[in-house]
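Trainee: To start, I am sharing the structure in question, which I have written as structure tokens.
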Amino acid sequence: MSEENTKLLKSVGLKVTEPRLTILALMQQYREEMQHFSAEDIYKLLLEQSSDIGLATVYRVLNQFEEVGILLRHNFDSNKAVFELNVDHEHDHIICMDCGKVFEFKDPDIERRQREISEQHGMKLATHSLYLYAKCSDISHCDSKDKKD
């Protein structure tokens, strides 16, 4: 993975540094478990690994990764940015308004309709982001540690 990440960083014009490689590998390692990472999430994971990468460096690297397209930034109804690896373009998000949990989903019909609507307005869809805000139908489905006060 490190060799692939080295090639990736070089291909987007970023210098290969240990913090960049470490943060990218960490996001890849935890992608299934945590699809959306805040800078603080990354920093906590780094601390668990006894890394000496500081929070300011984490913010800087995440912003650089976003600028070159490695990451996508989201602000799911909050001022706190979260990032996800830019590996799966065709998905959207449902955010629970009670607990803040984010679910990713794919729907070919929605993707098709977005392209059609763009074309109806004489445009070609380049990218999109769709956030659906909902409430968990079963409150026990909500993750209590994430509940909003």
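Here the Cβ of each residue, glycine as well, is placed from N, Cα and C on the backbone.
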Trainee: Which candidate from His36, His128 does Swiss-Prot annotate alongside Glu90, Asp92, Glu111 at the Fe cation binding site?
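Mentor: Record check against Swiss-Prot: Fe cation site with Glu90, Asp92, Glu111, extra candidate from His36, His128 is His128.
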Trainee: Of the binding-site residues His36, Glu84, Cys99, Glu104, which sits closest to Asp92 (Fe cation binding site) by Cα distance?
Mentor: Glu104
Trainee: Please report the distance from the Cα of His128 (Fe cation binding site) to the Cα of His93 (Zn(2+) binding site), rounded to the nearest angstrom.
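Mentor: One finds 11 Å between the Cα atoms of these residues.
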Trainee: 10 Å Cβ neighbour count around Cys96 (Zn(2+) binding site)?
Mentor: 21
Trainee: Judged by the number of other CB atoms within 10 angstroms, which among His36, His93, His128 is the least packed of the binding-site residues?
Mentor: His128
